[in-house]
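Chemist: Questions regarding the structure given below will be posed in turn.
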Amino acid sequence: MEFAAFTARADDIDAEAADLAKTALVRDLFAAAGDDLSVVARFVQGRVFPAWDSTTLDIGPSLCYEAIARAAGQNVTAAAVEDRLAEMGEIGDVAASFDFGGQRGLAAFGSGGQSNLTVEGVDEALRALAAASGSGSQDRKLDTLFGLFNRCSPAEARYLARLVLAEMRIGVGEGTVRDAIAEAFLADAADAAAVRDDDADDEQVTAARERRDTAIETVERALQVSNDYGRVAVIARDEGETGLDAVQLEVGRPVQAMLAQAGTVLDALDAWGDVAVETKFDGARVQVHYDGGSENGEGDTDVSLFSRNMEDVTDALPEVVEFVEREVDVPVILDGEVVAVDDDGSPLPFQEILRRFRRKHDVDRMRDEVTVELRAFDCLHVDGDDLLAESVTDRHDRLTDLLGETDAVSNLLLTEDAEEIEAYEAEALDAGHEGIMLKNPDAPYSPGKRGKNWLKRKPDVETLDLVVTGAEWGEGRRATFLGTFLVSARVEESEDAEFRTLGKVATGITDERLAELTERLEPDIVAESGTQVDLRPTTVFEVGYEEIQQSPTYSSGYALRFPRFVEVREDKTPETADTLERVERLAEQQ
Ligand code: AMP
């Protein structure tokens, strides 16, 4: 395909505002792309390389401006290109505003169509440019790019500049490409037309839409698994649904990470009944690919580690590589977090992992300073089995089969009991973790999706400053500490300070803190029965919670759902603590 034909279609696609009509134009482009389909499917999104490939062109904007200036002629400098950019606001428009003499100019010299740029030619030139490295490589890149711009018509220059800077700006996102692939190669042309036909009868449209959606789902799955729009487009065209269904994960090619939304424990319990609860590790996301230790040459590592953005971070994390090589002997793809830990394996603050995560130099020296470990929480592939469609619990089982119930694997609690979740959370916070994740136990792994199946427990929105009016002695190793605190709101109108209870706080307090609080509150004990104590009101806690509920359990008539300790409010006294009126107001506002 001539590059000019591609850019003419890109212009048409850009000019079309309606989604379905835009998709139809992309579909027609794909159908016309012939041997260049895989490149075209990437180019429409401004990509030269597939998403799984972390290779970049490594061309900064200034090199691009320089190449444009050179191609534009003797009188134009890179500074002049930048001035125009400041005026016009977008590099494609700037590139198109110069006359490089492409096509028309060449034709005038009698070279006919021979020298026209092709999609394949542009792709090859850009790839060669990406591969250039070492001394003088920037100059060679500049020469190549200049050579390309020199052959461009204004329309071609517009899209070449955008491709080089990885932004096509024609409003074609991943969803459009996916739908266009389905329509071009899987869906029935009559269905595609019916979906767009305002006069078609409802039944026909519904049936057409269903068939189109099924085709789209097939494409979507293959895209999720392969992360390669070009390859999927070609398979859809050449092998149809059967070919797409057969697309498998490949060890060594990262898939997009599944993401989480914020949500509450109540959301999770309401939606799923049973909840899979895990520690939320405070580290950096890592996807582990291991080929099982097959016959690689000496010194070659067969473990690859990828960041959340699918960058290759293998070289920065040799301990994780060694761990995987030691513990696993089959091909796997794991998802998890790398955390920085102290000598006891307890988590260190997030900043510490940042000192290691993308490091390219001094890895060995830093390894002595900051120890990192893997905390795997998911398993996408084991020894030929793709597990994306399996449930959270089944995938976690495969993970424990592989690595055992060790620190390297998240400890999954399956429960429908809010109190168990609360206790799990207290323990996680106590151990220095960031919090907890709540997962739908039946959910598959959906790459790249920020869906409702994974929830990171929402931080509390509004806190209350409540007076501690009672407590309970702990159990087991905490028997000498006050462990659970009864918190109360002040009754505003009362003559002598009167307090009404609202809930018990036991979550969010470290052992060290419990010792301090016990020492502080013990002198305030005014009555004791069993493990329960009444306290003279002296101390104010800032308390987080998920919801305020009406409840007969406490004397205020309200109860906090998931109350947790945030801080002691040293600056407040029981007289300035929050009032029952404020609690009532907040409850109403919910
Ligand atoms: P956030 O970065 O705040 O959006 O929270 C989601 C992130 O938490 C994920 O992308 C992971 O990097 C991280 N995370 C830590 N522990 C887990 C876990 N057990 N399951 C899933 N994600 C986790």
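Just so you know, glycine gets a Cβ as well, placed from its N, Cα and C.
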Chemist: Using only what TrEMBL says about ATP binding by Glu278, Arg285, Glu337, Phe377, Arg450, Lys456, identify which of Arg253, Arg308, Arg478, Arg490 is listed for that site too.
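Modeler: Looking at Arg253, Arg308, Arg478, Arg490, the one TrEMBL places in the ATP site next to Glu278, Arg285, Glu337, Phe377, Arg450, Lys456 is Arg308.
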Chemist: Select, from Phe377, Arg450, Lys456, each of the binding-site residues with a Cβ positioned under 6 A from at least one atom of ligand 1; if none does, say none.
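Modeler: Phe377, Lys456, by Cβ distance under 6 Å.
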Chemist: If you count, for each of the recorded positions Lys280, Arg285, Arg308, Arg450, Lys456, the other Cβ atoms lying within 10 Å of its Cβ, which residue has the minimum?
Modeler: Arg450
